[in-house]
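Colleague: Structure below; questions to follow.
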């Protein structure tokens with residue numbers, strides 16, 4: 001059975017000067033998930049948006065909202081984003097004092113829980129937590145800024161995650177610098193969900209999403225071959 005590739009536009013490139021960024025919704029652009037980047041100017045050197053923006057967007061899209069916490073600490077924000085309408089929360093293990101507790105807090109609220117690994121973070125960080133996770137986010141750029149170039153070392157990490165017992169995690173996703181050429185290479189070793197920053201800035205979002213999805217699916221074809 002062919003794996004389904006899902007595309008997650010990132011709100012980081014949305015135009016917040018308008019009253020409400022035009023959210024992709026089911027059937028209009030082909031997006032599958034809305035990726036919500038949260039930066040605190042402590043864990044990463046940038047500052048973005050918080051739970052109030054998530055709550056304001058929630059009524060305007062039926063897509064699942066995946067909150068990516070690039071914050072330290074993690075735990076105080078979990079309840080706030082759960083109440084704001086998040087469906088998934090992903091955090092960086094280096095930013096949590098007790099990773100298991102953070103995961104348990106997320107799942108107790110009925111949300112999917114994920115861990116994000118920076119480009120230099122080893123997969124061994126997952127060895128004692130993977131069975132409790134719903135997803136793993138592989139960073140193919142360093143967190144904190146948009147517009148960075150894809151870091152190729154993400155590819156062997158994705159392949160290793162997709163094999164053996166590590167595949168117990170249901171959703172392997174990649175965030176950072178993903179263009180159509182990268183999407184093809186990422187899907188082949190096992191990425192299921194691709195986070196794309198530039199979609200909100202595209203003049204034709206449906207076309208931008210179709211381009212990424214088509215490239216990724218061509219990578220799956222090469223995998224099958």
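The count begins at 1 with the first shown residue.
The backbone N, Cα and C atoms fix where each Cβ goes, and this holds for glycine too.
I grabbed these lines from Swiss-Prot:
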ACT_SITE  37  active site, proton acceptor
ACT_SITE  175  active site, proton donor
BINDING   10, 68, 144, 145, 146, 147, 175, 176, 177  substrate binding site
BINDING   35, 37, 68, 175  divalent metal cation binding site
Colleague: Out of 35, 37, 68, 175, point to the one nearest residue 144 (substrate binding site) in space (Cα versus Cα); all of them are recorded positions in the record.
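Modeller: For residue 144 (substrate binding site), the closest Cα among 35, 37, 68, 175 is found at 37.
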Colleague: When you measure from the Cβ of the residue listed as 'active site, proton acceptor', which residues in the chain that are at least 6 apart have a Cβ under 8 Å away?
Modeller: 10, 11, 12, 48, 68, 70
Colleague: Would you kindly give the Cα-Cα distance separating residue 35 (divalent metal cation binding site) and the residue listed as 'active site, proton donor', rounded to the nearest Å?
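Modeller: On Cα coordinates alone, these residues lie 10 Å apart.
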Colleague: Excluding 35, 37, 68, 175 themselves, which residues in that chain have a Cβ inside 8 Å of the centre of the Cβ atoms defining the divalent metal cation site?
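Modeller: Near the divalent metal cation site, the remaining chain residues are 8, 10, 12, 36, 66, 90, 137, 195.
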Colleague: In sequence order, which same-chain residues at least six apart have a C-beta under 8 angstroms from residue 35 (divalent metal cation binding site)?
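Modeller: Non-local contacts for residue 35 (divalent metal cation binding site): 8, 9, 10, 11, 12, 66, 68, 175, 195.
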Colleague: Measure from the Cβ of residue 144 (substrate binding site) and count the other Cβ atoms within 10 Å, all protein chains considered.
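Modeller: The answer is 16 other Cβ atoms.
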